[in-house]
């Protein structure tokens, strides 16, 4: 262990315990993939139609759009740690309901509770990990949020095919309980304490998180908090300030591409998709391989984002997922119309899915969250994050729900061609609109946005005069 690693071990340990709750969110996200096959089979003790299955998949994400604003208020008023601990409660209730469920309606309610927890976690966990970290490891700790989510998804792929629904739910229930039992002993964010001028508690918290002298860092945090409190923003500032307005529509555009490239549907319906093909690999094994690739590549964009830049990674990512969606759509078109014509290409679906996952991981999976963190000033960043989470939840719900509807009505190839078209349109959007923020300070990014707004206004004025 190097000196550098030793100096940050407290931060890594605290962040690892904190992100157990994002692994819990990952278990809820990946759970439908192995379970839907059983629920829709004749052996199921909860008979489920295809339409009901799509609601079981998607209703969690729809409900996740309800909690970002309340959880942001709770985190601000009662603390990040307290809010994350409360966020474990809906997950615990959700898994208990799955264990006792004997009807689809109870599964709906269970997924609704999980969705409420999902929205809390993804609003507050990035805030907590960002505030407990030093500059040297902030990127690495932020990566843990995504990594632990993917680990939770992979766990469902690996365990789900071999156990009953109740057993899987009981295993998943252990995760939020473990989170509560470990995280309850860890410190609150020092930023939260200083916001309410509790300097002694902030110092005690920081000592739990650092090795060595903390006085200078405590003073710097205090100055930053005071500066933030002087420049408190509001929800209205997101639309009344021209630069915030521009940053908001660029950010929502990027999140639109992230969702409508189809990633949420591919994760939730992975085993169902592979079950359609005549691959020589069993569907559950193919799903596990995809999950392993997802975990292995989720850190890749973090290693590249400060070297290659945000815009090139997003362009590469959108191009890659667009092409792979097109390949999958074309394969399924020929497979369903003339199976023999693509018999030799039985390996293509899993290969295309692997490439899709890699392309998605290096850009669209994580870079949008980097962008929303960079394009807004501190006083409105939390509000922008809440809007993004709500918008993402609604978009993800639409993708997961419509996947089954369009597949049943027009064929699965139509779904993938639609995802491909959205990805390619997104490529054009990124190329035309997104500014590169690599290596730029927050002040420099804001100045660039102001120049672009001024140029846009001048262009409109000239058009009106003409």
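Including glycine, each Cβ sits where the backbone N, Cα and C put it.
Positions annotated as domain 'Major facilitator superfamily (MFS) profile' by TrEMBL: 1-438.
Annotation comment: TrEMBL describes 54-75 (among others) as transmembrane segment. Tertiary neighbourhood of the transmembrane segment (54-75): same-chain residues 28-29, 32, 36, 39, 48, 82-83, 86-87, 104, 107-108, 111-120, 122-124, 127, 192, 264, 268-269, 382-383, 385-386, 389-394, 396-397, 400-401, 403-405, selected by CB-CB distance under 8 Å and a gap of 6+ residues from either end.
Away from its own ends, the transmembrane segment (82-101) comes close to residues 18, 21, 24-25, 28, 46, 71, 74-75, 107, 109-117, 120-121, 124-125, 128, 165-166, 169-170, 172-173, 175-177, 179-180, 183-184, 188 of its chain (Cβ-Cβ under 8 Å, at least six residues beyond either end). Here TrEMBL flags 82-101 (among others) as transmembrane segment.
Per TrEMBL, transmembrane segment is recorded for 107-128 (among others). Residues 18-19, 21-22, 24-25, 28-29, 46, 55-56, 59-68, 71-72, 75, 80-81, 83-84, 86-91, 93-95, 97-98, 101, 142, 145, 176, 189, 369, 382, 385-386, 389, 393 of the same chain, all 6+ positions outside the transmembrane segment (107-128), place their C-beta atoms under 8 angstroms from a C-beta of that stretch.
The annotation transmembrane segment is assigned in TrEMBL to 140-163 (among others). For the transmembrane segment (140-163), the residues of the chain that approach it from at least six positions outside its boundaries are 11-12, 15-16, 19-20, 22-31, 33-35, 125-126, 129-130, 132-133, 171-172, 175, 267, 270-271, 284, 287-288, 290-292, 294-295, 298-299, 302, 365-366, 369, judged by C-beta separation under 8 angstroms.
Within the chain carrying the transmembrane segment (169-194), a Cβ under 8 angstroms from the stretch's Cβ atoms is held by residues 14, 17-18, 20-21, 23-24, 27-28, 31, 75, 79-82, 84-85, 88, 91-92, 95-96, 98-99, 117, 127-128, 131-132, 152, 156, 159, 163, 201-206, 208-209, 218, 221-222, 224-225, all 6 or more beyond its ends. As annotated by TrEMBL, transmembrane segment applies to 169-194 (among others).
Within its own chain, the transmembrane segment (248-274) has Cβ neighbours under 8 Å at 29-30, 32-34, 36-37, 57, 61, 153, 157, 161, 238-239, 281, 283-284, 286-287, 290-291, 314, 318, 321-322, 325, 349-350, 353, 356, 360, 364-365, 367-368, 371-372, 375-376, 384, 387-388, 391-392, 395-396, 398-400, 403-404, 412, 415-416, 419, 422-423, 426, 429-430, 433-435, counting only residues six or more beyond its boundaries. The feature transmembrane segment is assigned by TrEMBL to 248-274 (among others).
Per TrEMBL, transmembrane segment is recorded for 286-305 (among others).
The transmembrane segment annotation in TrEMBL covers 312-334 (among others).
Non-local neighbours of the transmembrane segment (346-370) in the same chain are 126, 142-143, 146, 251, 254-255, 257-258, 261, 263, 266, 270, 273-274, 277-281, 286, 289-290, 293-294, 297-298, 300-302, 304-305, 310, 313-321, 324-325, 327-328, 331, 388; each lies 6+ residues outside the stretch with a CB under 8 Å from one of its CB atoms. Taken from TrEMBL, the feature transmembrane segment covers 346-370 (among others).
Long-range neighbours of the transmembrane segment (382-403) within the same chain, counting only residues 6 or more positions beyond its ends whose Cβ lies under 8 Å from a Cβ of the stretch, are 54-55, 57-59, 61-65, 68-69, 72, 76, 115, 119, 122-123, 126-127, 233-235, 237-238, 244, 247-248, 251-252, 255-256, 258-260, 262, 264-265, 268-269, 368, 372, 376, 415. Per TrEMBL, transmembrane segment is recorded for 382-403 (among others).
The transmembrane segment annotation in TrEMBL covers 415-434 (among others). Sequence-distant contacts of the transmembrane segment (415-434) (same chain, at least 6 residues past either end, Cβ-Cβ under 8 Å): 250, 253-254, 256-257, 260-262, 265, 310-311, 314-315, 318-319, 321-323, 325-326, 328-329, 332, 371, 403, 406-407.
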